[in-house]
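Taken from TrEMBL as is:
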BINDING   SER108, GLU182, HIS210  Mg(2+) binding site
BINDING   ARG337, ASP354  ATP binding site
Amino acid sequence: MSTSAPLSKAGGNYSDAIAALNTLQSNAAIIEAIRKSGGKLNDFAIPEMLEYLERIGWKQSDLDRLNVIHITGTKGKGSTSAFVDSLIRRTPARNEQDGRPKVGLYTSPHLVQVRERIRLDGKPIDENLFTQYFWEVWNKLEENPKRANPDITPLRPVYFRYLTILAYHVFLKLGVKSTILEVGIGGRYDSTNIVQRPLATGITTLGLDHTALLGNTIEEIAYQKAGIFKKDAPAASVWQQSAGAREVVAKEAEKVGTSSFKQLPQLTASSPVQRAKRGIPGEHQASNAQLAVELYRTFLRSEAGKRKFQAAESELSSDELSKIEIAAIANARWPGRCQVVRGKSPSDPVWGLDGAHTAESLEACAAWFVELSSQSSGTATQSRKTLIFNTTHDRKSEELLSGMLKAIADKRKDVNAQGNELFFDHVIFCTNITYREGKSAGDLTSVAGPVSLEAQETIQKAWQVLDKHGKTRSDVLPSIEEAIQAVNQQDGDNHFVLVCGSLHLVGGVMSHLKDMKLLDESLNGVYT
């Protein structure tokens with residue numbers, strides 16, 4: 001009688017875990033597969049996630065213990081999540097003797113290290129915790145291979161879905177009492193959307209993005225985003241500029257049977273969050289802070305919120321911000337979003353980093369950079385300015401760059417800069433590959449072998465159409481490392497560098513700035 005050998009458990013250190021993670025199908029590959037299927041693969045998305053959850057030993061109802069605040073949108077969902085996280089962490093516990101309730105935050109993508117996606121009490125989980133729980137999930141999926149549709153469902157989920165399952169596992173194992181979940185893409189079919197009873201759901205500003213997956217109109221996209229609404233759970237949305245989007249979101253809330261739906265009012269100069277100091281820069285962050293406060297107050301009114309945290313009802317119903325809310329908004333941080341990084345010497349470049357990648361967010365980013373580059377010299381024309389830019393193939397680069405330049409022209413009038421000549425002295429279009437050929441970092445985008453620069457050359461041509469007088473130097477470079485070298489080779493003071501168009505690009509730049517000792521372990525600037 002023969003017996004089969006027992007399964008050997010995989011394991012290893014943090015680097016081994018990252019290497020194993022990188023063997024899973026990429027997000028880009030699954031997005032392309034969904035697109036080619038005409039959306040049919042979406043039908044399996046939620047059932048597959050529930051199956052994965054059960055295969056690692058959890059029931060869907062276990063997720064209710066996490067007391068989830070679920071956030072989606074096109075722009076600002078990560079910043080809104082960071083504001084909510086800051087608000088909850090600064091709220092007094094109901095019973096300090098029992099210890100502070102743990103707060104979990106799950107976001108994407110990461111900038112430098114994948115651990116950033118899973119945060120506990122404001123900090124990424126450490127390498128030891130990540131490694132321990134990574135291999136627990138990895139091996140449980142190996143030990144429990146049974147799937148309803150093995151021809152369609154892989155043994156382990158794709159990259160993003162694996163990290164989502166891992167986040168649930170980590171938060172449940174560590175006894176997290178409040179959890180902020182940021183949607184990856186869309187909402188309705190997103191892997192975060194398996195929580196049956198969230199305590200609050202929210203939608204940030206909507207725009208046209210990921211149209212191959214979500215639809216070509218703002219109404220179609222609104223429908224996908226509103227898919228996170230749940231029966232008997234409160235829902236809220238920032239004021240959407242599109243009347244059609246507002247109508248779709250409100251109808252979906254009614255159809256699902258949310259316990260309440262709040263369409264937040266348009267912000268004015270007198271709005272409390274508009275007047276408040278915000279730790280995440282940019283005028284557009286006011287609406288993100290507004291939604292965060294609404295979701296936070298909704299959470300504190302819930303039974304779970306009341307059990308764990310102290311909050312006066314008078315403060316929760318006030319039109320004004322409480323002292324805790326003012327402090328939390330002022331101290332919120334979200335790396336890579338309108339972030340300024342300075343060098344040790346005044347002659348070093350000043351880096352403006354923003355992961356903006358949609359038309360509207362890039363326009364807001366451009367306006368912010370005009371203000372930044374005007375600060376030391378008094379006018380934006382007296383400083384030297386470099387743009388490092390990349391965008392994915394499904395976004396129209398000429399439209400994005402044109403919108404940025406229009407926003408720059410409009411903002412320059414506000415800061416008394418003269419406005420006919422092109423704003424940037426030098427533009428660099430590079431790939432999202434962090435290191436030049438021959439180097440690698442498992443947490444970051446990197447390849448070995450020749451790199452195609454076709455996409456970057458297309459963006460350069462789009463720029464040259466806009467730069468009719470040819471006043472701006474433009475270069476195409478194969479890696480972020482070479483782009484940074486090009487910046488550092490330029491001499492002289494008062495040099496401002498804007499990095500935008502892709503969070504992956506920003507993350508790669510931040511990895512180098514960290515190597516240069518300009519960023520600390522939390523990705524905050526060392527020099528102010």
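Glycine too: its Cβ is placed from the backbone N, Cα and C atoms.
Automatic prediction, not curation, is the source of TrEMBL annotations.
Excluding SER108, GLU182, HIS210, which define the Mg(2+) site, the same chain contributes LYS77, GLY78, THR107, PRO109, VAL183, GLY184, ILE185, ASP190 within 8 Å (Cβ to the Cβ centroid), listed in sequence order. Rounded to the nearest whole angstrom, the C-alpha distance between HIS210 (Mg(2+) binding site) and ARG337 (ATP binding site) is 20. Reported as a whole number, the C-alpha separation between ARG337 (ATP binding site) and GLU182 (Mg(2+) binding site) equals 16 Å. The secondary structure of GLU182 (Mg(2+) binding site), as reduced to three states from DSSP, is extended strand. Of the listed binding-site residues HIS210, ARG337, the Cβ environment within 10 Å is emptiest of other Cβ atoms at HIS210. According to DSSP, HIS210 (Mg(2+) binding site) sits in a coil region rather than a helix or strand. A gap of 15 Å separates the Cα atoms of ASP354 (ATP binding site) and SER108 (Mg(2+) binding site). Take the CB of SER108 (Mg(2+) binding site) and look out to 10 A: across all protein chains shown you find 22 other CB atoms.
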